[in-house]
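Trainee: Take this structure, written in structure tokens, and hold onto it; I'll ask about it next.
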């Protein structure tokens, strides 16, 4: 497959701070806590059943101001955080939620100036977090197989940063055909990331971090075992993150009734120097592990079942479905 690239530009992305200006994205929060996002244009107005709010009333105000509609409803005006933006932006593919993007950036140690590869780009949610982390001096190469998803990702990323980001290269094609090397970090959000491990081993520098994002336990098992069998990697680590808010009102302190539970599993490992195999780690095998390993070696069982679709909402009560 031919890979098409959107090369980075030289100009840095604009920094959004100070008074609201035309073209700024503004988040309006009503008295019930509902958020509404508008892009400021002189002469335009935001209309609701609670009255209209002229954009000109917002332009020039400092961030954190309160404005009132013609119907008398007060709105708090702030620029949206990245976490707010990715949950409200247009979507093609399912987004990586902020809690998982934060884990990827922190546990993957994505640093300013890093050279990073991600696949697939999807709707551009993780892309925004990675670009924030690598900064204008880094490089982010995002691969997306589908033309429509790549177009959505491009629009979302450029909308958030106010234009093309100087560190970003968007490739419309198969990541398995990537020819670039020297990556410090590689993140794969794919149905079968173990099928791209040849490319990962070729493209990642020794000591570099690989992270796989998978939705189901069969995918998790397949990826972990594939890394172990190939050698040349540290012992894979698998985990998920769960977030629960707390209600605090005086002495009435309790956990909220709902939480952001399972969205996906993360698997990470670091690449070893060429020809090096890590010392075997002592671990007590679980029941059936030895028989499972023998079946894999003999190739008596088919590959892991297909992935489950992650629910398209941020608050989930269900368990991972194991």
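Heads up, the Cβ atoms here are built off N, Cα and C, so glycines get one too.
In TrEMBL, annotation is done automatically, which means it is predicted and not curated.
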Trainee: Which single residue out of 109, 174, 245 does TrEMBL record at the S-adenosyl-L-methionine site shared with 123, 124, 125, 126, 144, 189?
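Mentor: Given 123, 124, 125, 126, 144, 189 bind S-adenosyl-L-methionine in TrEMBL, the matching entry from 109, 174, 245 is 174.
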Trainee: Would you mind telling me which of 273-297, 298-322 TrEMBL tags as region 'Disordered'?
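Mentor: The range carrying the region 'Disordered' annotation in TrEMBL is 298-322.
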Trainee: May I ask you to indicate which of 1-30, 31-60 is given in TrEMBL as region 'Disordered'?
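Mentor: So the range that TrEMBL calls region 'Disordered' is 1-30.
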Trainee: S-adenosyl-L-methionine site residues 123, 124, 125, 126, 144, 174, 189: biggest Cα-Cα distance, Å?
Mentor: 19
Trainee: Tell me whether residue 125 (S-adenosyl-L-methionine binding site) sits in a helix, a strand or coil according to DSSP.
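Mentor: Going by the DSSP assignment, residue 125 (S-adenosyl-L-methionine binding site) falls within a helical segment, counted as helix.
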Trainee: Look up residue 144 (S-adenosyl-L-methionine binding site) in the DSSP assignment and reduce it to helix, strand or coil.
Mentor: strand
Trainee: Out of 174, 189, which of these binding-site residues shows the lowest number of other CB atoms within 10 Å of its CB?
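Mentor: Result for the binding-site residues 174, 189: minimum number of other Cβ atoms within 10 Å at 174.
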